[in-house]
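**Student:** I'd like to ask some things about the structure below.
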Amino acid sequence: MSGLSNKRAAGDGGSGPPEKKMNREEKTTTTLIEPIRLGGISSTEEMDSKVLQFKNKKLAERLEQRQACEDELRERIEKLEKRQATDDATLLIVNRYWAQLDETVEALLQCYENQRELSSGTEVPGCQEGLTRDVIPRPDPGTSDLREPLPVQFRAPLSEPALAFVVALGASSCEEVELQLQGRMEFSKAAVSRVVEASDRLQRQVEELCQRVYSRGDSEAPGEVARVRTRELGRENRRLQDLATQLQEKHHRISLEYSELQDKVTSTETKVLEMETTVEDLQWDIEKLRKREQKLNKHLAEALEQLNSGYYVSGSSTGFQGGQITLSMQKFEMLNAELEENQELANSRMAELEKLQAELQGAVRTNERLKVALRSLPEEVVRETGEYRMLQAQFSLLYNESLQVKTQLDEARGLLLASKNSHLRHIEHMESDELGLQKKLRTEVIQLEDTLAQVRKEYEMLRIEFEQNLAANEQAGPINREMRHLISSLQNHNHQLKGDAQRYKRKLREVQAEIGKLRAQASGSSHCIPTLSHPDDPGLNALAPGKEDSGPGPGGTPDCKKEMALLAGATSATSSIKKEELVSSEDDAQALTPVTQGLPSRGREPEARPKRELREREGPSLGPPPAASTLSRADREKAKVEEAKRKESELLKGLRAELKKAQESQKEMKLLLDMYKSAPKEQRDKVQLMAAERKAKAEVDELRSRIRELEERDRRESKKIADEDALRRIRQAEEQIEHLQRKLGATKQEEEALLSEMDVTGQAFEDMQEQNGRLLQQLREKDDANFKLMSERIKANQIHKLLREEKDELGEQVLGLKSQVDAQLLTVQKLEEKERALQGSLGGVEKELTLRSQALELNKRKAVEAAQLAEDLKVQLEHVQTRLREIQPCLAESRAAREKESFNLKRAQEDISRLRRKLEKQRKVEVYADADEILQEEIKEYKARLTCPCCNTRKKDAVLTKCFHVFCFECVRGRYEARQRKCPKCNAAFGAHDFHRVYIS
């Protein structure tokens, strides 16, 4: 029954795995759609940590899935083990039935061979000729020829039911049977087919014999007695054949029932042996109780004897200070009554035990009878048993489950195909998305590479131009330095010229002072000479004293020329200074612009001063005509005073006119300066040079005209002067004029040298100016180019930064796409693994389905055989059930008797313990008369319990955690150190960590 229940449980649980697989497939479909959200990422480390967290999460999920799969596999293994156990049991049953079938078939074949041998000697020759084609030569049943199928030419034609049975046996070919059972299957099929053929052949032989007998009887017309005899013999033969088949069927059924009952008998024998052991244990306990009862009886007898003899027990020397204890008659009678009751109880218990033993022996005898009866069970009883019905129900359940498994397998195949197609579509979609993303990424990377190459080219061009500009600046640096040195040398030269001009001014002042002295001397000597000067000519009046001092008129022209040359040199120097300052202002970032603006006014001041000095010198040099020598000195002095006043007024007028001219020239210079500032550099230089040239030419022409006029006046005046004193002065003046002319020649040479040098320097300055202009233009162009390059470089840097940021963003996108691709690859791998697992499980399910289909067909055949056997076993089963019904009350009675016996035993033990306690109390009462003594005795007992049982001196303070027995710590430690590591009471082994102290308060 347990095997059947296990089978049913396995069958019920067999429908579980497909549902779990369905659930697992649903889980896989849900995990496919689950998105991967990493959140905001600021660095690669954070992304790596989040990816690791996601991987750990996925690994945990995979571990959970694996654990769930392992649990499912464990459950499946347990179910398969249970199923294997049930299959083994069924296989054992099938093997047993099959072996019995082979034995019966061999027995039948042996009987048939024996009958053939017996009938071969007694047959009629005519019958032998007729039977030669029907009888097949048969080997021994034990030989290996039985295991080979018979050839077709030796087989006789069979009847329709026999042929159908043989065909059914042949249909159960080796396709459903394993290779190791194939030989046995062939042997069984051959043997059964031969048995069927033999039975059919015998039947046909009998029918042929009957027909021959009838035909011969009709033809030969024998006696009626022979016919009746043959008919009776045929009927008897048929009856005997039917009886033989029935007996064989009964023998087969009985053998099967015998094997089953033999198994049950073995189990009951084991149970009986167990019960016998329990009975022996109970008998041993009863003997123990008897011995204890005898001891108690002895003690009671001694107590009675002491009581009857009037013996008094005095206190012992153990420290109890009690008086004598005497037992009253009432207590003694009570004890006697209790003793008698206990004896009666023991006797009754003994009788009960004997009765139980007798019942046990009767149960054993009935069990043996039942064993014998179980060997012949009717078939109806077997059919009505619960096991047979359970087998039928289980067969129907298995058949229905096989149909359900087929439908579930078809559904699983459909789901697998659908999931496979959806998986393939999903993979194609993912591959197309991946290809599109890769194409986009490639195009973006190519664009970025192109832009990066362009930026690199522009950067290289800018770098080359920057290096060229640096080289050009390095080349222009020494030229600029040379120009600065030249400008500084020209400035130094201008300073030297200014110093010379100051020196000449100082000399001019000295000369004017000498002229003043000469005028004073001349005024003293020529006060009588009448003035013949023209009032309208201020220049002659101004030059008259000079003539008196310096002699003839032409003597004053070299000094004037020298001064004019000095003035021209000063003006050219100022113009060159202006040009140099303009160039230096352009080179030095307009650092000297105030100097260039202030120089024209400084240049005009020295121009105005020499003019005033010349006029001052010319004024006194214009003295009276030579005809004035005849005048008296008083008249001269008067005329001189008047003339001085007139000269002063004329000088004031001249100074005012010069002031006006200077103001006009100042205005012109201001206009020129404004024009110079507004005009470009080259035009300013040209205008300045042309203005200086015109001014110098005008001054030179003016000075030449003045010199001519002075020479003419000197000639006219030289004719008039006749004084010796005048002659002497004239000589001195001529000498001075010669000296001045020599100086003027020297100064002219110097002026020519300076003019040539100025021309050379002007030419060089113009060349340098042009070169500076070109260099400045180149510098401007280079500055513009540098500015352009710098702006382009800034733009390129910005573009480079933007491209780098875009590259970083694209790199992050690429990393994200790579992570997505990796995740998708992981999901694809997981799906492939799941697909492989599903394919493997599908293959396993298909194999299991094939096995189940084979098992189903086997079960069908077994069911057919079982149906055939069930009819045979029904009668035996009914018989066995009746016997079992008879045995069950006996078993119930025996069980009740055993329970009663155990109950009585327990009750006896309780009574004995109760009596023992009473006896101990009575003993204490007898020994100790006082209650204090009883308490002291109990205290002593408790103290004895608290003392160590090993040494009996120290108290218990250590416990063994293995068995929880208590001893003193010194004894336990001593035993541990002496390697006696076992408990003194129960011999349980203990270690170093298996004992510790206990503190009993």
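All residue numbers here begin at 1 and follow the chain in the order shown.
Cβ atoms are placed via backbone N, Cα and C, with glycine included.
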**Student:** Where does the N6-acetyllysine label fall among Lys189, Lys331, Lys517, Lys924, going by Swiss-Prot?
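**Tutor:** Matching Lys189, Lys331, Lys517, Lys924 against Swiss-Prot annotations yields Lys517.
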**Student:** Pick from 68-107, 668-707, 948-987: which range does Swiss-Prot record as zinc finger?
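**Tutor:** Among 68-107, 668-707, 948-987, the range Swiss-Prot annotates as zinc finger is 948-987.
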**Student:** Where Swiss-Prot marks phosphoserine, which residue is it, choosing among Ser255, Ser489, Ser585, Ser718?
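**Tutor:** Swiss-Prot annotates phosphoserine at Ser585; the rest carry no such entry.
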**Student:** Which residue does Swiss-Prot record as N6-acetyllysine, given the choices Lys20, Lys295?
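**Tutor:** The candidate carrying the N6-acetyllysine note in Swiss-Prot is Lys20.
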**Student:** Hey, which of Ser575, Ser584, Ser902 does Swiss-Prot call phosphoserine?
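**Tutor:** Record says Ser584.
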**Student:** Do the coiled coil (437-525) and the coiled coil (55-91) come together with 3 or more C-beta pairs under 8 Å, pairs six or more apart in sequence?
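**Tutor:** These two stretches do not touch.
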**Student:** Just to be sure I understand the packing, how many Cβ atoms besides its own are within 10 Å of the Cβ of Lys355 (N6-acetyllysine)?
**Tutor:** 13
**Student:** Reported in the order helix, strand, coil, what are the DSSP residue counts of the zinc finger (948-987)?
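**Tutor:** Counting residues by DSSP class gives 9 helix, 7 strand, 24 coil.
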**Student:** How long is the line from the C-alpha of Lys355 (N6-acetyllysine) to the C-alpha of Ser42 (phosphoserine), rounded to the nearest angstrom?
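**Tutor:** On Cα coordinates alone, these residues lie 95 Å apart.
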**Student:** Helix, strand or coil at Ser42 (phosphoserine), per DSSP?
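**Tutor:** Ser42 (phosphoserine) sits in coil per DSSP, no helix or strand.
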**Student:** What is the one among the modified residues Ser42, Lys517 whose Cβ has the most other Cβ atoms less than or equal to 10 Å away?
**Tutor:** Lys517
**Student:** Sorry to bug you, but what's the C-alpha spacing from Ser42 (phosphoserine) to Lys517 (N6-acetyllysine), rounded to the closest Å?
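**Tutor:** Spelling it out, the Cα of Lys517 (N6-acetyllysine) and the Cα of Ser42 (phosphoserine) are 103 Å apart.
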**Student:** If you average pLDDT over the coiled coil (627-946), what do you get?
**Tutor:** 77
**Student:** What does DSSP say about Lys355 (N6-acetyllysine): helix, strand or coil?
**Tutor:** helix
**Student:** Going by DSSP, is Lys517 (N6-acetyllysine) sitting in a helix, a strand, or coil?
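**Tutor:** It is helical.
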